[in-house]
Amino acid sequence: MCHLLSAQGHCPATPLPVCSSETLGPVPRSLRSGLRTLRALCRWPPRTQKMPDGAPANPKGCKKKGLVRHPPGRRGPSIRTSSRTSRSRLRMKSFITITILASSVLPAAHSSLLNLKSMVETVTGRNAILSFVGYGCYCGLGGRGLPMDEVDWCCHAHDCCYQKLFDLGCHTYVDHYDYTIENSTTIVCSELNQTECDKQTCECDRSVALCFQQQMYREEHRNYLNIYCQGPTPRCSVYEPRPAPP
């Protein structure tokens, strides 16, 4: 009787008799694929092939994959610049996301972000998000370096205005305030604003919107990456009134 495997389930050390058509007839078709697999396993590992020059080569189907190593003195492409660019774009996209979420979740009367957006679009005729978020070095979330132009200085002043309110415990992004716009040019903060935070937040937003209206917009500064902002960062004290001379 022909055996395919030993009792332990391993390939035998010595060749086993192979069934032939002379003893048991032709091998059934259903067993042919299993028999071929068994024979292949019992011949593992495969024989090493020789190249024409005598060097060994891996058999077909047994290729190894290795890490590509750069020779000494050569470096692969740097990812530092791309990572900085990604972080800068991420900050820009985060601010846009916050604004969009605020516009879809918060009521219009209870979102200062929407109030600011409405002010800017009414007095400038531009889309507040597409035109000003990411403009220069300070329009948007965060900022560094020297402002690039007058519009960028407007954003720097607005950041300082908000920072002053943050220090007082105000929540400038969600504080409620009322305002009106007359003739698409004049913004009036309502006297019905109850808290000091509401009043000051309205004044901060009013100031930056009117500042945008009065300054020249430069397309080349739109969607500017912060990694290119250079120079010293101005202090917020530049907007404080100077003491009168003695």
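Using N, Cα and C of the backbone, Cβ positions are placed for all residues, glycine too.
Annotation comment: TrEMBL describes H158, D205 as active site. Residues or ranges marked as Ca(2+) binding site by TrEMBL: Y138, G140, G142, D159. Annotation source TrEMBL lists compositional bias 'Basic residues' at 61-73. Taken from TrEMBL, the feature compositional bias 'Low complexity' applies to 75-85. The disulfide bond annotation in TrEMBL covers C137-C229, C139-C155, C154-C211, C160-C236, C161-C204, C170-C197, C189-C202. What TrEMBL lists as domain 'Phospholipase A2-like central' is 112-230. Annotated region 'Disordered' per TrEMBL: 46-86, in sequence order.
A map of TrEMBL features onto the structure.
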| residue | record | Cβ neighbours (10 Å) |
| --- | --- | --- |
| Y138 | Ca(2+) binding site | 28 |
| G140 | Ca(2+) binding site | 24 |
| G142 | Ca(2+) binding site | 13 |
| H158 | active site | 20 |
| D159 | Ca(2+) binding site | 19 |
| C161 | disulfide bond | 20 |
| C202 | disulfide bond | 24 |
| D205 | active site | 26 |
| C211 | disulfide bond | 18 |
| C229 | disulfide bond | 19 |
Neighbour tally for C189 (disulfide bond), based on other Cβ positions within 10 Å of its Cβ: 19
Secondary-structure category, per DSSP, in which C189 (disulfide bond) falls: strand
DSSP state at C204 (disulfide bond), helix/strand/coil: helix
Fewest Cβ neighbours within 10 Å, where candidates are the disulfide-bonded residues C137, C197, C236: C236
Neighbour tally for C154 (disulfide bond), based on other Cβ positions within 10 Å of its Cβ: 25
The domain 'Phospholipase A2-like central' (112-230), counted residue by residue under DSSP: helix, strand, coil: 61 helix, 8 strand, 50 coil
Fewest Cβ neighbours within 10 Å, where candidates are the disulfide-bonded residues C139, C160, C204: C160
